[in-house]
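Undergrad: Below you will find the structure I want to go over with you.
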Amino acid sequence: MAAVGTLAKVARLSSSLCRSHRLIFNRSSQRRGIASCIDPAHGLSDEQREFQKVAFDFAANEMAPYMAEWDHKEIFPVETMRKAAQLGFGGIYVQPEVGGSGLSRLDTSVIFEALSTGCVSTTAYISIHNMCAWMIDTFGNTEQREKYCPDLCSMEKFASYCLTEPGSGSDAASLLTTAQLKGDHYILNGSKAFISGGGDTDVYVVMCRTGGKGAKGISCLVVEKGTPGLSFGKKEKKVGWNSQPTRAVIFEDCAVPVANRLGEEGQGFTIAMKGLNGGRINIASCSLGAAHACVQLARDHLLVRKQFGETLSNNQYLQFRLAEMATKLVASRLLVREAATALQENRPDAVSLCSMAKLFVTDECFNICNQALQMHGGYGYLKDYAVQQFVRDIRVHQILEGTNEVMRMIISRSLLTES
């Protein structure tokens, strides 16, 4: 397809780029190379390896050198993301006729894993933006797709996903934001909490109640920044994910045209959940990138750090822990890629596999990063060392896109109800 050809061409051009930047702070792992047993290129086609390389190169050259600064100064790196969009990363699984790259869910996972080695926080926002663009592309009519998708895919405009509310987190179907129909507009009242990009983004994909209680009373509206009655709360101070702003999104008699509704009335919760199935793979892929980077950071530290007259790499306990980290990394990657394939093929087990991937991978990858920090000793707790930022940035992956407790509910329900 055309998008793959473009990415492949960029990959060949990128091979001549200067690789003098260190990947992150003190990071030398890329100069040492990737150990074959954890190589993320295993099992990929030639085309997938090409755009994986594009993503790795972009992460190394355009993201990693600035990751710490974006975190410390809480910078939303708009221009960097627009550069990523020029490579096709603004609408990876959006259809080409509206500006997307038209790639598969597996391709998308490969890209997000690679980008996250450069900055988890920024990549995670890009993944949310992609999810919103896909929702409009998939559930929008021709006019909506042509109006919103091209600017989202180029990242001339940015999107936010608005489901969670102050009183409805895991119980998303109990949301209270209302949309009352008056003529050719809905009048929105209510608020959304913990919205990534809130206040800085241009398009808000909002789940709101147009009918009665429960999931069937929820619809999905696209609300544009600048609409009267739309406002934002204070910028939240977070443990991680500091390169993307997080705010409450507030609706006070906010009039939104009926023409901005995605799908039919009452279809909103289905749209939200279908978006999250892919979102769970995406966020698991971001965790994979962090864990991959941390395994390499830990390995490199063990090879140079000396205690008791020899390098830590000679300590059998640490050797075994590193082996366990690498094994869990590869197992996580295989599960994510199986779930991505299932979702792409619309298999009956797709929802459960997406939940399994999100549960297992975000838990295990956090443990990998945390163990890497422990291996660094006191140095790992310093902000001069990248490992601590990976730990901070991926901790929230066990909470968002459906908590890992909710993932257990989805998986067990599937096991207990299927005949």
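A Cβ is built for glycine as well, from the same backbone N, Cα and C atoms used for every other residue.
Worth saying up front: this structure is predicted, and the values here are computed from it rather than measured.
Annotation comment: TrEMBL describes GLU401 as active site, proton acceptor. Summarising the annotation, TrEMBL assigns domain 'Acyl-CoA dehydrogenase/oxidase N-terminal' to 45-156. The domain 'Acyl-CoA oxidase/dehydrogenase middle' annotation in TrEMBL covers 161-254. TrEMBL lists 266-416 with the feature domain 'Acyl-CoA dehydrogenase/oxidase C-terminal'.
A description of the local structural setting of each listed feature is requested, covering burial, neighbours and distances.
TA: Listed in sequence order, LEU276, GLY279, ARG280, ILE283, LYS358 are the same-chain residues at least 6 apart in sequence whose CB falls under 8 Å from the CB of GLU401 (active site, proton acceptor).
Secondary structure of the domain 'Acyl-CoA oxidase/dehydrogenase middle' (161-254), assigned with DSSP and counted as helix (H, G, I), strand (E, B) and coil, comes to 6 helix, 47 strand, 41 coil.
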Undergrad: In the domain 'Acyl-CoA dehydrogenase/oxidase N-terminal' (45-156), how many residues does DSSP assign to helix, to strand and to coil?
TA: 84 helix, 0 strand, 28 coil
Undergrad: Over the domain 'Acyl-CoA dehydrogenase/oxidase C-terminal' (266-416), work out the mean pLDDT and round it to an integer.
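TA: Its mean pLDDT is 98.
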